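Asks: Mind looking over this structure? Questions follow.
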Ligand SMILES: Cc1ncc(COP(=O)(O)O)c(C=O)c1O
């Protein structure tokens, strides 16, 4: 059975080499007589897997020493609450709302303090990233953004200037897609199920001083959700998602061995730009995200009618192209070109788009070039 051309937004394609390596170690991890799923998280074997994963990630991203790295559970969604509970010391934060994920995070934060929407692109259907009008109030606890809105396919390329206010970013769908200036953020988090491993781990990278002596909201914060405790226990306060951490470690090594983050960025833009280029010149497909806000990972587009979208998605499956259906709140199509999606998958998708457009010449716009 041939591997699918998998454009799923997450969980998504993992590197074949990593999957093969994990398969080979499934019954016996390095002579332990068991898989990583079966061993104690307190064993020295697992400790070295965890240490290695963290060190490799630190090398890859250039994470400074004054930042803590945590592998937590609860998905990126739990961080919508963890962030305000830990960081809203003055009970006042600012949110840039660029799509459904930042909107959800903002709604969650409103439960714990004053969360102001500093800018939003909701009036234009989240087709672009919103910009801060000027320097934000310097008494804010943080300015929050979702740097890549997975559903709409938009990405913030330039971080806003927030002065001394720390930037908190959900980078789930662009994590490890390209280098990030870690020192410009107060906190970065990402669900790993797009570019870094199987679902079930969230990597949180937080500057020491923001963790402080404990959560902003004090003892009411569920023990598990306190960054101070999680950081002091090095992700081993309770049973972690050990298998997930092991897989993430392998993916981190794979990224390092295949050129690191700069190489990922180059390959990812090459894949995405081939699709954007075709869509821009097409008379049938139209792009959803505005050119200046386009994502490196999630390419969103649509046909003139929802019926044609459905036909496109169904026909794709017949060619072993999967995961191209747009998110249910937006419709249309979305091709997520994460690190492990090979260029040949994009070739297959482009061939299909061309054939589909040719077969539907009657539906094409006459105004298009
Ligand atoms: C940018 C972003 N943030 C948050 C989430 C929610 O992640 P999870 O399902 O891990 O809670 C997603 C899920 O796709 C996402 O793309």
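The backbone N, Cα and C atoms fix where each Cβ goes, and this holds for glycine too.
OK, TrEMBL features for this one:
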| type | residues | note |
| --- | --- | --- |
| BINDING | 42 | L-glutamate binding site |
| BINDING | 76, 77, 101, 150, 170, 193, 238, 239 | pyridoxal 5'-phosphate binding site |
| DOMAIN | 5-349 | domain 'Aminotransferase class V' |
| MOD_RES | 194 | N6-(pyridoxal phosphate)lysine |
Asks: Determine the Cβ neighbour count for residue 76 (pyridoxal 5'-phosphate binding site): the number of other Cβ atoms within 10 Å of its Cβ.
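Replies: The answer is 27 other Cβ atoms.
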Asks: Where the criterion is a Cβ under 6 Å from an atom of ligand 1, which of the recorded positions 42, 77, 194, 238 meet it?
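Replies: Within range of ligand 1: 77.
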Asks: Once the chains shown are all counted, how many other Cβ atoms turn up within 10 Å of the Cβ of residue 170 (pyridoxal 5'-phosphate binding site)?
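Replies: There are 29 such Cβ atoms around residue 170 (pyridoxal 5'-phosphate binding site).
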Asks: List the Cα distance (Å, whole number) between residue 170 (pyridoxal 5'-phosphate binding site) and residue 194 (N6-(pyridoxal phosphate)lysine).
Replies: 13
Asks: So for residue 77 (pyridoxal 5'-phosphate binding site), how many other CB atoms are inside 10 Å of its CB?
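Replies: Cβ-Cβ neighbours of residue 77 (pyridoxal 5'-phosphate binding site) within 10 Å number 16.
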Asks: List nothing but the largest Cα to Cα distance in Å, as a whole number, among the residues 76, 77, 101, 150, 170, 193, 238, 239 that the record says bind pyridoxal 5'-phosphate.
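Replies: Binding-site diameter by Cα atoms for pyridoxal 5'-phosphate: 30 Å.
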Asks: If you measure residue 150 (pyridoxal 5'-phosphate binding site) to residue 194 (N6-(pyridoxal phosphate)lysine) at Cα, how many Å is it?
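Replies: Per the Cα atoms, residue 150 (pyridoxal 5'-phosphate binding site) and residue 194 (N6-(pyridoxal phosphate)lysine) stand 10 Å apart.
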Asks: Can you tell which of 42, 194 has the most other C-beta atoms within 10 Å, given these are the recorded positions?
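Replies: Going through 42, 194 one by one, the largest Cβ count within 10 Å is at 194.
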Asks: Does DSSP put residue 170 (pyridoxal 5'-phosphate binding site) in a helix, in a strand, or in coil?
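Replies: Note: residue 170 (pyridoxal 5'-phosphate binding site) is in a strand by DSSP.
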Asks: May I ask which residues of the same chain, at least 6 positions away in sequence, place their Cβ under 8 angstroms from the Cβ of residue 239 (pyridoxal 5'-phosphate binding site)?
Replies: 41
Asks: Counting other Cβ atoms within 10 Å, pick out the least crowded of the binding-site residues 101, 150, 238.
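Replies: Least crowded of the binding-site residues 101, 150, 238, by Cβ count within 10 Å, is 238.
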Asks: Where the distance is taken from Cα to Cα, which of the recorded positions 76, 101, 193, 194, 238 turns out closest to residue 42 (L-glutamate binding site)?
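Replies: In terms of Cα distance, residue 42 (L-glutamate binding site) lies closest to 238.
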Asks: Which whole number is the mean pLDDT over the domain 'Aminotransferase class V' (5-349)?
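Replies: Taking every residue in the domain 'Aminotransferase class V' (5-349) and averaging pLDDT yields 97.
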